[in-house]
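Per TrEMBL, the features are as follows:
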ACT_SITE  Tyr60  active site, proton acceptor
ACT_SITE  His137  active site, proton donor
BINDING   Asn111, His117, Asp124, Leu138, Ser139, Arg148  substrate binding site
SITE      Arg55  site 'Transition state stabilizer'
Amino acid sequence: MNFKSSENSYIIGHKNDSFLCRNGILHKIYTISGDDLVANVLVLHGPNLNLLGKREPDVYGIATLDELNRRLIELGTKLDLDVTCYQSNMEGDLINHLHFASEKFDYIILNPGAYTHYSYAIRDAIASIDIPVIEVHLSNIHAREAFRTTSVTAPVSQGQIVGFGLMSYELALISIQQKLNEATDV
Ligand code: DQA
């Protein structure tokens, strides 16, 4: 199956041998390393997060999205998690990725950006898929403007991690690894 998911991003292949092609670069998205099944995690960044580093650095910090993604992929390697990162400014594109991800990934870490506060379409997409979604925010949305204190996506997510900057995403990865360990310890 080859699936065009947006202007510059394609999912290519089958469940056990799939790649996300983004800007001409192939990212493997389903990995079996030795005998161990490595869990696949999709990190989805919503609108304006492509401007990290330049955008309101006093609120969101000075690290760029590429730096954040590199950190997550590195931490993922240490935790046996195969991390794929994708950013979109478009609601429909994020929804398509949530739909595709449910076939290819085991977990999603989602920062819906401002869509958090009002996108019932993204909320419904999360509720429609059967893999866990962890909502993350760099800033503490509960300590900012009143409109940011509402999340329509949190009630259908496994949990919400806010306010720790880049570490919000890292804590989400650690929680996934912990959950997987608990599941395999049983
Ligand atoms: C954000 C918080 C949102 O309110 C805002 O619209 C963003 C970033 C965060 O990560 O802190 O775009 O999701």
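Cβ atoms are placed via backbone N, Cα and C, with glycine included.
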Coarse DSSP state, helix versus strand versus coil, of the residue listed as 'active site, proton donor': strand
Cα separation, His137 (active site, proton donor) to Arg148 (substrate binding site) (Å, whole number): 11
Among Arg55, Tyr60, His137, which are recorded as recorded positions, the nearest neighbour of His117 (substrate binding site) by Cα: His137
For Arg55 (site 'Transition state stabilizer'), the three-state class that DSSP assigns: coil
Alpha-carbon distance [Tyr60 (active site, proton acceptor); Ser139 (substrate binding site)] in Å: 6
Contacting recorded positions, sequence order - Arg55, Asn111, Asp124 vs ligand 1, Cβ under 6 Å: Asn111
